[in-house]
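Visitor: Provided herewith is a single structure, encoded as C-alpha cells, for subsequent inquiry.
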Amino acid sequence: MALRFEILGRFNRARAAQLILPHYECQTPLFMPVGTQGTIKGLTTHQLEDIGCQIILGNTYHLALRPTSELIDEVGGLHKFMNWPRALLTDSGGFQMVSLLHLADITEKGVTFQSPVDGKPMLLTPEESIQIQNRIGADIIMALDDVVKTTITGPRIEEAMYRTLRWIDRCIAAHKKPHEQNLFGIVQGGLDPVLRDICVKGLVERNLPGYAIGGLAGGEDKDSFWRVVAQCTAALPEHKPRYVMGVGYPLDIVVCSALGADMYDCVYPTRTARFGTALVPEGVLRLKHKAMEDDMRPIDPTCDCMVCKAYTRAYIHCLVTKDAMGSQLLSYHNLYYMMKLSRDLHSSIVEGRFPEFVCQFLQKMFPQGDVPEWVCNAMEVAGIDISSCNALFSSLPSKVEDTVEDDTKSRSETVTITF
C-alpha cells in the first residue's frame with residue numbers, strides 16, 4: 001500500500017493522525033477542497049499551499065470529459081498538469097448518479113451518462129473508472145459505488161449496497177497501480193443500520209488502504225446523519241483512515257471528528273464564497289448585506305489570513321456581486337478557515353484538550369447555549385461533556401439511544417450574523 005497511517009493522539013473516539021501519502025505527509029483530521037476539474041475556482045496552487053491545504057479533490061467524471069484522462073496521462077499526471085506538489089484524491093464519478101440522475105442509466109455493467117458537453121452517451125464501469133483514475137495519478141482513488149440519496153427508501157437502497165460490494169471486487173481487479181495509488185472503498189446502505197453493517201464488513205474483508213462513508217449529506221435529518229457516521233466509524237478498522245464524503249459544514253466536521261472520522265470534502269466553503277458568504281466562528285457572515293457597505297472591520301478580527309489582514313467588509317461588499325475578486329477573496333478566507341479548523345482539531349487532540357476545544361467552538365457558534373439536540377446526542381456518544389456550553393443540557397434524556405429527534409430542530413447548521 002502506498003499509504004501509512006500513524007495515530008498520534010486520541011480522545012475517546014476522536015483521533016489525530018499522520019497520513020503519509022506518495023506526494024505529501026498529511027495531518028488529520030483534514031478537510032479537502034473540491035477542485036472538480038483540477039482547479040479551485042479563483043485560487044492558484046501557490047495560494048492553496050500558503051493556507052495549508054494538504055489534499056485537493058478532483059472528479060473522475062468531469063476530468064475524463066475535459067481535458068480527458070489521456071491528455072493528463074501524457075503530461076505526467078494531474079499533479080504536473082495543475083502544478084500541485086501535494087496530495088490528490090479523485091472521486092470515482094459515482095456521485096454523478098445522484099447529481100446528474102436525469103442524464104444517467106444505472107445497470108450492473110455500470111453507469112451510462114448523457115454527456116453534458118456534447119450529449120453523447122458515456123459508459124462508466126468500475127473498470128473504466130479505475131483506469132481513468134490510474135491515468136490521472138491521484139494519491140487516493142475511490143471505488144465506483146452505486147450511490148442513492150439517503151432520502152430514498154425501499155429496495156433500491158439494498159440493491160445499491162450489494163452492487164457496491166460487487167463493484168469493489170471489479171475495482172480491485174482493475175487497479176494496476178496499488179503501490180502508487182490507494183484504492184478506498186465506500187460504505188453504502190442509506191439510513192439502514194443493518195445494510196450499513198453488511199457493507200462495512202464486506203469492505204473490511206477486502207483489506208483496503210482506507211474506507212469512506214458515502215451517501216450522506218444528501219438531505220437526511222441530522223440525527224440520522226450522525227448515527228450513521230457513529231455506526232460506521234465504530235466498525236471500521238482502527239488503523240485505517242476514515243473519510244466522510246461530502247461533508248463541509250464546520251459543525252458537522254467537529255462532530256464527525258469527535259466520532260472518529262478523519263477526512264472530509266465539500267464544495268461548500270468555495271461555493272458559498274461565490275454567493276458572498278464568509279465563514280466565521282459565530283457561523284456565517286453575509287457580505288451582500290447592506291449593513292456591510294460601510295463596515296471597516298475585517299471579515300473576522302481573530303483571523304490571520306491575508307484577506308482579513310488587508311481588506312475590509314465594506315470593500316468586499318462592493319465586489320461580491322460585481323467583480324470576480326470578491327469571490328476570490330472570500331474563497332481564500334473560507335478555505336483558510338477550514339484549514340485552520342483542521343489544524344486546531346489535530347493539535348487539540350494531540351495536546352489532550354479536545355473537549356475544551358469542542359466547548360469553545362460550540363460557545364462561539366451558539367452563544368445562547370442553544371446547541372442543537374442532535375449535536376448533544378452525538379457528543380454524549382463521543383464521550384465529550386458539553387454541559388458548560390449547553391443551556392438545555394439538564395433537560396436532555398439520560399440515554400441517547402432512547403431519544404427521538406424532531407428534525408425541525410436540526411435543520412440549521414450555521415448561524416447567520418451581520419453585526
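Just so it is clear, glycine is given a Cβ too, placed from its N, Cα and C backbone atoms.
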Visitor: According to TrEMBL, which listed range is region 'RNA binding': 71-77, 190-196, 246-252, 365-371?
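Guide: The range carrying the region 'RNA binding' annotation in TrEMBL is 246-252.
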Visitor: Quick one: sort out which of 25-29, 150-154, 155-159, 270-274 is the region 'RNA binding' according to TrEMBL.
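Guide: Region 'RNA binding', as annotated by TrEMBL, spans 270-274.
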Visitor: Can you work out which residues elsewhere in the same chain, 6+ from the ends of the region 'RNA binding' (270-274), have a Cβ less than 8 Å from its Cβ atoms?
Guide: 33-34, 40-42, 284, 327, 330-331, 333-335
Visitor: Give the nonlocal contacts of the region 'RNA binding' (246-252) in its own chain as ranges (CB under 8 Å, at least six residues past its ends).
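Guide: Counting only partners 6 or more residues beyond its ends, the region 'RNA binding' (246-252) has Cβ contacts under 8 Å with 31, 95, 214, 216-218, 225, 264-269, 279, 337-338, 341, 361, 365, 375, 413-414.
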Visitor: If one looks at the chain holding Asp265 (active site, nucleophile), which residues at least 6 apart in sequence have a CB under 8 angstroms from its CB?
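Guide: Looking at Cβ-Cβ distances below 8 Å from Asp265 (active site, nucleophile), excluding near sequence neighbours, one finds Phe31, Met32, Pro33, Val34, Leu57, Leu89, Tyr243, Met245, Gly246, Val247, Gly248.
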Visitor: Of all the binding-site residues given, Gly215, Cys308, His333, which has the fewest Cβ neighbours within 10 Å once its own Cβ is left out?
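Guide: Each of the binding-site residues Gly215, Cys308, His333 was scored; lowest Cβ tally within 10 Å is Cys308.
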Visitor: Need one number: mean pLDDT over the region 'RNA binding' (270-274).
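Guide: The answer is 95, the mean pLDDT of the model over that range.
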Visitor: Could you tell me the C-alpha distance between Gln188 (substrate binding site) and His333 (Zn(2+) binding site) in angstrom, no decimals?
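Guide: Distance between the two Cα atoms comes out at 33 Å.
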Visitor: Report, as a single number, how many Cβ atoms besides its own are within 10 Å of the Cβ of Cys303 (Zn(2+) binding site).
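Guide: If we count other Cβ atoms within 10 Å of Cys303 (Zn(2+) binding site), we arrive at 19.
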